[in-house]
Structures are given as C-alpha cells and as structure tokens.
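Report on the structure given below.
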Amino acid sequence: MEQRFVMKCGGSTLAALPAAFFEDLRRLQESGVKPVIVHGGGPAISRTLEKLGIETEFVGGLRRTTEDVLDVVEMVLSGTINKEIVRRIQGAGARALGLSGVDGKLIQARPVSNAVEIGHVGEVTEVNAAVIEGVMAMGYIPVLAPVGIDDAGQRYNINADTAAGAVASQLGVERMIVVTDVPGILRTVDGEKRVLPRVTAAEIDEMIASGEIYGGMIPKVKAALACLHGNVREVAIVSGTEPDVLSRAVLEGGVGTVIEA
Ligand SMILES: Nc1ncnc2c1ncn2[C@@H]1O[C@H](COP(=O)(O)OP(=O)(O)O)[C@@H](O)[C@H]1O
Ligand SMILES: CC(=O)N[C@@H](CCC(=O)OP(=O)(O)O)C(=O)O
C-alpha cells in the first residue's frame with residue numbers, strides 16, 4: 001500500500017502527546033503509509049518571547065513578526081520543537097528527518113498582503129515537493145517547521161496550519177490530519193458542547209460569523225477549505241490524546257471533525 005498523508009501537529013498539544021501517539025505513527029509507517037509532518041509551536045514561541053522580554057501580539061490570528069520576533073520564531077520552531085518531534089519519533093523506533101522550509105527552499109513564501117502591519121509573516125508560493133518525496137523514499141518521515149524563504153533569502157513566519165495545507169496541496173495527498181488539543185470542531189447544541197462529525201464550507205462561514213469558531217480554529221478551517229481541491233479530498237481535525245487517533249483517521253476515516261471537498 002502506498003498512501004501518503006500530511007499531519008499538522010499543533011503546538012497546543014505537543015507536550016500532551018503520549019508515547020503511544022508516536023508508536024501509532026511508527027506502525028502506520030511500517031504498514032506502508034507515508035506521513036509528512038508540519039508542526040506548529042505557537043505557545044512555545046510565546047513563552048520564549050516572554051522570557052526574553054520581547055512583546056508579542058496577534059493580528060487576525062497571525063503573530064506580528066518583527067526582526068527580533070523572527071529570530072525567536074526560527075530558533076523555537078526550526079530548533080527546539082522540530083528536534084523534539086524528531087526525537088520522539090525516533091524514540092518510538094521510526095526514522096525522521098527534521099527540516100524547516102528554509103532548507104532546500106522547501107517552503108517558498110512571499111509577504112502576506114498586510115505585511116506593513118504584521119511584519120515578516122509569509123504566505124506559501126511554492127513547496128519543493130521533490131525533496132520531500134525524496135526524504136520519504138529514503139524511509140524517513142519528513143518533519144517540517146513552517147519557516148519560509150524567498151529568492152532574496154528573506155525568512156518568513158508562516159502559520160503552521162496554512163503551511164500544512166500548502167504542503168498537502170502540492171504533494172497531492174488525499175488527507176490532511178490536523179492534530180490539536182480539542183476532539184474536533186465543537187458546537188453548543190441544547191446547552192451541551194458536541195463535536196461536529198462533518199462540517200460544510202457554508203457552516204464554517206456561519207460559525208465564524210457567529211463567533212462559534214474563533215481564535216486558533218480559524219486558520220485551521222481556512223487552511224482546510226483552501227487545500228480541498230485536486231487530490232486532497234478530506235481534512236480531519238482530531239485530538240492527539242485519543243487512542244490510535246492517527247491510524248483510525250488515516251485508515252478508517254470519520255474521526256473528529258471531517259471537512260470534505
Ligand atoms: N468551534 C470550536 N471548536 C473547537 N475549538 C475551537 C473552536 N473555536 C475555537 N477553538 C479553539 O481553537 C483551539 C485550537 O487552536 P490552537 O490553540 O491554535 O491550536 P494548535 O496549537 O493545535 O494550532 C482550541 O483549543 C479552542 O480554544
Ligand atoms: C504567523 C504566525 O502566527 N505563525 C505562528 C507559527 C507557529 C504556529 O502556527 O503554531 P501553532 O500551530 O501551534 O499555532 C506563530 O508565530 O505562532
């Protein structure tokens with residue numbers, strides 16, 4: 001079986017991911033499935049900025065990224081977090097290769113349209129799929145930090161959901177699994193919070209407008225809607241602490257909230 005998928009691993013859930021999560025990933029890889037990981041690390045970036053006394057703020061869900069902030073973003077994402085995930089995968093007995101979007105120009109980017117206001121934040125223009133595929137062909141799980149680069153060598157801070165969606169599109173995988181700290185998109189029905197098993201683009205628009213989808217869930221649903229074309233036919237938003245969540249989401253489907261093309 002040759003089945004590929006992109007997994008986005010959110011900073012909100014990294015510390016809570018049990019060893020069993022990475023063992024599940026190893027078993028999937030052993031069964032012939034090829035994962036590509038794109039990770040976040042927003043909370044760790046915020047903690048480090050705070051320790052260094054550098055102010056940080058989010059504008060429309062994106063971190064305002066000055067030159068000083070960019071240094072910390074790269075240090076934390078491409079260094080600490082990227083290597084932590086690589087170590088955990090290796091600890092589970094699988095092979096992983098950690099890279100950022102700067103390495104081999106894996107994630108090429110340009111400034112977002114409101115860059116004057118929010119600084120060095122990027123949007124993806126191109127993903128070097130051939131190198132990612134080469135890493136997979138060697139039997140390694142690519143682990144990508146969402147720092148992008150342009151032809152002039154400028155680095156960009158890219159939201160990890162956006163970067164994962166772009167990687168999924170360009171690799172043409174069938175599924176993207178967004179691993180986070182909630183079991184899916186929640187909606188209050190009869191005073192009770194419930195996970196929506198499926199959600200349409202129209203419902204997403206409605207829930208953003210009503211404030212039922214807010215904060216860090218907004219870039220996830222936007223990235224999902226943006227990548228659902230071509231081969232990408234399903235994005236699942238799942239919790240990383242549910243047993244065997246990855247293998248169930250990849251092999252069976254119907255886990256967490258599913259957004260379909
Ligand atoms: N409708 C919703 N259902 C579930 N979570 C939501 C919803 N709207 C907003 N959220 C928030 O989105 C968060 C996940 O986004 P975020 O904290 O950015 O995670 P990550 O680091 O995994 O990207 C949840 O913890 C929750 O606070
Ligand atoms: C531009 C922008 O906001 N970049 C994010 C990159 C990390 C990220 O997206 O991490 P999570 O997936 O854990 O939220 C940031 O600086 O926090």
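Quick reminder: no glycine exception, Cβ is built from N, Cα and C everywhere.
Arg63 is the only one of Arg63, Arg64, Arg187 that TrEMBL places in the substrate site (with Gly41, Gly42, Asn157).
When the alpha carbons of Arg63 (substrate binding site) and Lys220 (site 'Transition state stabilizer') are compared, the span between them is 15 angstrom. The Cβ of Gly42 (substrate binding site) lies under 8 Å from the Cβ of Gly10, Gly11, Ser12, Arg63, Ala160, Gly216, each of which sits 6+ residues away along the same chain. Cα-Cα distance from Asn157 (substrate binding site) to Lys220 (site 'Transition state stabilizer'): 16 Å (rounded to the nearest whole number). Taking a Cβ distance under 6 Å to any atom of ligand 2 as the criterion, the recorded positions Lys8, Gly41, Gly42, Arg63, Asn157, Lys220 reduce to Gly41, Gly42, Arg63, Asn157.
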